[in-house]
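Have a look at the structure below before the remarks.
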Amino acid sequence: MEEAVKEEIRNEALGLSALDYWVLGSVVGFCYLLSRLWLKKLSSGSNSIGEKKNMNENDQVEKEYKKFRRNYVSAYVMALGAEYIQTAQTFALLRHGHRAGYSLIAEVFAIGFCASWIASAFISIFRDVAPSSRRLKIECCLCLAAYTGSSFAILWWGGITNQSHPDIAVATIASSRVIIGMALPLLQNSFDAWMRTAHSALNFPTAWKRRTYEACGSGTTMASVFAGIIVEVCRRQFDEVAPFKACIILAVCGFAIILFAWPTVPSSSHSTDEVAHLSIFSRLFSSCSCRRGFSAFRSAPFSALLVVFAASFFEIAAYVTSATWATTLCRIHDHAPHRTPFYGYVFSLLMASAVVGTLLFQIFNTNKFLSIELSALLLAIFAAFAFGKLALDHTTQNATRAALPPLLFFQFSVGWSVPVFATLKIKFIPTELRSTLNRVFNFFYGLIVIFLILLIPSNTRLTFLILGFGMSFASLALFALYFFFSRRSLQQLPIRHAKLVTTSGASSSVGTNATTTKTTKVSAPDR
């Protein structure tokens, strides 16, 4: 009897206590406040001078712009909050509401990623460079309608009250992940495209677009933090499906803002897309052409291949981590079954860590303390060590309490890496090759992500080892980039074969971490 009590005490000590959560939250919060104040101090002087020069003398235009920015950012933040709430709560509903196993949960997340991956590919193929503002507005409404419909479906058929038909409940949750996955490219691309189109159509000064991105960055931070808090409060005070009711409220409010508060802007009369005149089947064939992908590889400089190779490993690790953080947290608490994991709280910490990484990139980029190539190299090395630590902290079935800090640190690296690799792609990849190379690598890393997500339940340690080795290879690629190509500009890099078949539309990539997308646009990059 005494041995059983001692064993239970040891297991309780392995789990995360309330003090551990508060310590991690205090560290992340202190880093965020410090980096935000530091960046504000650096940018206060330069921004005010530049904006005074570009300020429109007409106060009425200024008022119209502020109203436009407020309505746009409000709708975007509500859509982002709905996305975050569903992402943070789906695992908890499956695990604690329906007692689903890790293998089934991994299959649900893999299905959602496949839907997002395929939808992003089709949107990038069929979208013009200058789409109509009306179509973009409809796409934004469809995004919010997807969040509303999937949440209603979970409340009616996928909730914990549907215990008599567990298969129907799990199938409903899986279908909702498919719908949300298809809506994610719209959230990432359509909102931003409409904002840029409206800025041009309403003749706002170009400098004001930066102010819009800064407001989006602050809104992204607020949405990520408060989404986790809403999830945790609703779970603890009500039940596992209560956060989805909050998701419906946010989505409906955002839908109403788009319909009644967004201005009607004229559309561009023509498109500059090279494939705008092609039929749907011609676009699909040209985008999937093997000849085009092979030509891009032959034509690209070696440095461009190194950049895309390293960026792909970072994106693979980011997507797999977005599906493993909840599993890791739950397995930490498997040692101590009497302690319920704080999913919403940890989700907020992960998102805040990514924001801190983005803010520190802006600080170091302003001071020119580190070159872009050296920053990418150091991030890859740190990420490799983080995954090595995660592999050591995982046994076959469980994880130790020390597994959570490496996840936070890697999320910090992700927030820093997004603007870093966006800058590297602009510097080293020729414009005519950028879209094709991204699509080719997106196809292969999508397959790898699906494989690793499905591997997580059976062997989490092996998954983190694979990610660690992948980040090690990325470190080698960035090491070669830093020591052999960092002092050479794009004009100095030879293009081995200048002739290339150019019949492709705009490119976009799938993203689970919408957090870093809008936040990093303060410094103008995108994933």
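Using the three backbone atoms N, Cα and C, a Cβ is placed for every residue, glycine included.
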Listed range which TrEMBL flags as region 'Disordered', given the options 44-65, 506-527:
506-527
Determine whether the transmembrane segment (462-485) and the transmembrane segment (342-364) share at least three Cβ pairs under 8 Å, counting only pairs 6 or more apart in sequence.
no
Counting only pairs 6 or more apart in sequence, are there at least 3 Cβ pairs under 8 Å between the transmembrane segment (376-392) and the transmembrane segment (168-187)?
no
Stretch among 21-39, 138-156, 168-187, 436-456 sharing the most Cβ pairs under 8 Å with the transmembrane segment (244-263):
138-156
Please give the sequence-distant neighbours of the transmembrane segment (21-39): residues at least 6 beyond its ends with Cβ less than 8 Å from one of its Cβ atoms.
221, 342, 345-346, 349, 352-353, 355-356, 359-360, 362-363, 366, 404-405, 408
